[in-house]
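A.B. asks: According to Swiss-Prot, the feature compositional bias 'Basic residues' maps to 1-14, 208-238, 289-312. What Swiss-Prot lists as compositional bias 'Basic and acidic residues' is 15-29, 39-71, 107-125, 279-288, 330-340. Swiss-Prot lists 78-98, 241-267 with the feature compositional bias 'Low complexity'. Positions annotated as compositional bias 'Acidic residues' by Swiss-Prot: 268-278. For S136, S189, S191, the entry in Swiss-Prot reads phosphoserine. Per Swiss-Prot, phosphothreonine is recorded for T195. Residues or ranges marked as region 'Disordered' in Swiss-Prot: 1-358.
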Amino acid sequence: MRSRSRSRSRQRERRRSDSRARSRSERRTYQKPQHRRSVSRERKRERDRELHRERTSNRSSRRSREKDAVPRRRRTRSSPSRSSSSSSSDRSSSSRSPSRSRKSRPKSVERWPNDRYHENNDRRQNPFRGRAPEGSFINDPAEPSFRSQHRGRGSSNHQFKGDSKAVNARRNQRVLIGEEGVPEVWGKSPSRPETDDVELVKGSYIGPKKKKKKGKRKHKKSEKKSKKKSKKSKKKKSKQESSSSSSSSSSEDSSDESSSSSSSSSSDSEDESEEEDVWLEKTADGIKKPKKKKSSTSKKDKKSKKKKKKRKSEAEKSKKSSSSSASKSKNKESASHNDEDVGPSLRPGGSLNQKDFGKALLPGEGAAMAAYIAEGKRIPRRGEIGLTSDEIANFESVGYVMSGSRHRRMEAVRIRKENQLYSADEKRALAMFSKEERQKRENKILSQFKDMIHSKLQAKDKK
């Protein structure tokens, strides 16, 4: 970076010297003689000295800016424009205002008024030009940035010499924070109560959450049961009150015997309704009509009792008939289930085609299959080679199955090969039979051939 900046500064100096020579020649040719006379050699020397000092100050300011700036491309592009503008401003200022203070900075070329070039390029104020806002931790004096260290190569340390007290204070503050913490920002975690009574064994630990849930569930169930019981007790009390009121009214009207019978019947009906199913209770409730004030005559009481008895008998009959019909239907269903075979129905017309049969027996297969049959074991299929028959049977009992089409073809081959097997005696008998048949055929052919030759010889002799 230093070599680049030096080369650029040399190029700028050359340009400036060229521009000075041109400006002097132009002044000599185009400027008026009055102006030439006013400018003396001493003033020229002063201007040269001022220019030299301004150049040195500009270089130092540029270097400090380059250290602060993050994006390199923008800096490299904007630096020549700045240098050119500063050089032109130097010329204009040197030509126009010779009496200027040495420390005053030269003004740049006037730009378009709405152009915010300088505002955007002021890197110390703009956080988006590589410099973070002043309050952030990036500009912390205790944390010098990597780029400033890298570019300065030790020269950036002079920035923090004045702030050494602040840096030390910040360091001490960090140490305190690390030791004590910040309770205002991050509170301490709650201390766990030490339980010495519980001794945990490996694999026997059950989380406390599950126990809590179970306890909650039990508590809820007990609450629900208690609520249900309270509701039932309330209902019973209300029914008893109604029955007592009805019995008292009937006792006032009717005789003592009739009142006792009505109260007993009402209590019996309540017990029956509680024992019976829900739908019977509903029917009984539906049958009951809204209570009206009974007349003083005993005839109406007797009629109402008779009606109640009839309705009870009808309800009992309907219940019995429904239960009998349900039991009959259940018996029918069980009988039908017993008659039908459980499981998938067999395919109708599952005749075997030529595709289902394999090829003929290979040499040695017949003998092997005969040995399996003699031992009473199942014959393995070609897809099961490498496994013993016991292993295959175990696999099939567990549930391992071949693919359907392969299974069908293998079964067909197995059946055909089992049918092809013969015992040793049968083989001998077959061999003898085939030999006899062959000899008969051969003898027949030979006799026919002999007869033909004999007939031909006799025909020649006759001639």
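Just so you know, glycine gets a Cβ as well, placed from its N, Cα and C.
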A.B. asks: Would you count the other C-beta atoms found within 10 angstroms of the C-beta of S191 (phosphoserine) for me?
C.D. replies: 6
A.B. asks: Relative to the Cβ position of S189 (phosphoserine), how many further Cβ atoms are located within 10 Å?
C.D. replies: 6
A.B. asks: Can you break down the compositional bias 'Basic and acidic residues' (39-71) into helix, strand and coil residue counts using DSSP?
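C.D. replies: Final tally across the stretch: 28 helix, 0 strand, 5 coil.
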